[in-house]
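**Student:** Structure incoming, see below.
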């Protein structure tokens, strides 16, 4: 028998090193991929002074953006717009979802200075709306909830007029403890992504539980009825439209009023392949049905991501 694979703490495992240890091994890096349709082709602009400024500001304070770590296709647009989604608690995730480009591994302990550095960076950037997300930290007793709370507290102390959206993991097995940590420093928008349909969870979200994620959204809403709750979904992973509509209804049944729906894009050949490219007209239909279900805001489009133009979503403007 060969030597068992042993991860080193603080090392980022990506692509084949990451997806080789998922429970459902159905990724063939040599398989023929679907050709991107014209509506999925975007022209990336050359790096601008605004993009360089945001990147340099993050590097200077030792911070991370999910825009870079997850290889988001909207990075250039958002950075040029002067917005970014900050990723706290390091850049190594304890989960190994095969749709995601964030590195897997054994993360380092949280940086106790990160909340202060984050608040100072946001102040320097003169942001009015900020999204804070994180990797999964199943290694921490509170799954990182206390660190989220400290970040919100520090940001508000230096930026009293800012609006804060947090995009949180599922706090596996620690929902009650996590919400207790957040109760004194709640955000302006609480976001937790269901990602896709429950039938595909074992394949695409190993370690997650669909009902647990719904419970997190419902329990937060019960604790803070005045704060909007939000969730995001990807399409193109093998789900049916009927399954997506059922997930949307489940979200409404659990008090969620904001929805994002976008096309899944394969980060590399070592990730799950795209099963289908959904035409823009179908996204328009999803948005119409979301509004009919009672969602107050529904951003639906091929390039929509959970934090894409989150400031405009929060204002109720149409994003697609």
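Yeah, the Cβs are placed from backbone N, Cα and C, and that goes for glycine too.
What Swiss-Prot records for 67, 72, 78, 307 is [4Fe-4S] cluster 1 binding site, and it gives sequence analysis as the kind of evidence. Feature annotation from Swiss-Prot assigns domain 'Radical SAM core' to 79-296; the stated evidence is sequence analysis. Per Swiss-Prot, the feature [4Fe-4S] cluster 2 binding site maps to 93, 97, 100; the stated evidence is sequence analysis.
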**Student:** With every protein chain in view, what's the tally of Cβ atoms within 10 Å of the Cβ of residue 97 ([4Fe-4S] cluster 2 binding site), excluding that atom itself?
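**Tutor:** Excluding its own Cβ, the number within 10 Å is 22.
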**Student:** When DSSP is mapped onto helix/strand/coil, what comes out for residue 100 ([4Fe-4S] cluster 2 binding site)?
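**Tutor:** The residue in question, residue 100 ([4Fe-4S] cluster 2 binding site), is coil (DSSP, three-state).
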**Student:** Select the closest residue to residue 307 ([4Fe-4S] cluster 1 binding site) from the following binding-site residues, measuring between CA atoms: 93, 97, 100.
**Tutor:** 100
**Student:** Write out, in the order they occur in the sequence, the residues of the chain not among 93, 97, 100 that have a C-beta within 8 Å of the mean position of the C-beta atoms of the recorded [4Fe-4S] cluster 2 site.
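**Tutor:** These residues sit around the [4Fe-4S] cluster 2 site: 95, 96, 98, 99, 101, 102, 104, 135, 136.
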**Student:** In DSSP terms, helix, strand or coil for residue 93 ([4Fe-4S] cluster 2 binding site)?
**Tutor:** strand
**Student:** Limited to the domain 'Radical SAM core' (79-296), I'd like the whole-number average of pLDDT.
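**Tutor:** Averaged over the domain 'Radical SAM core' (79-296), the predicted model reaches a pLDDT of 95.
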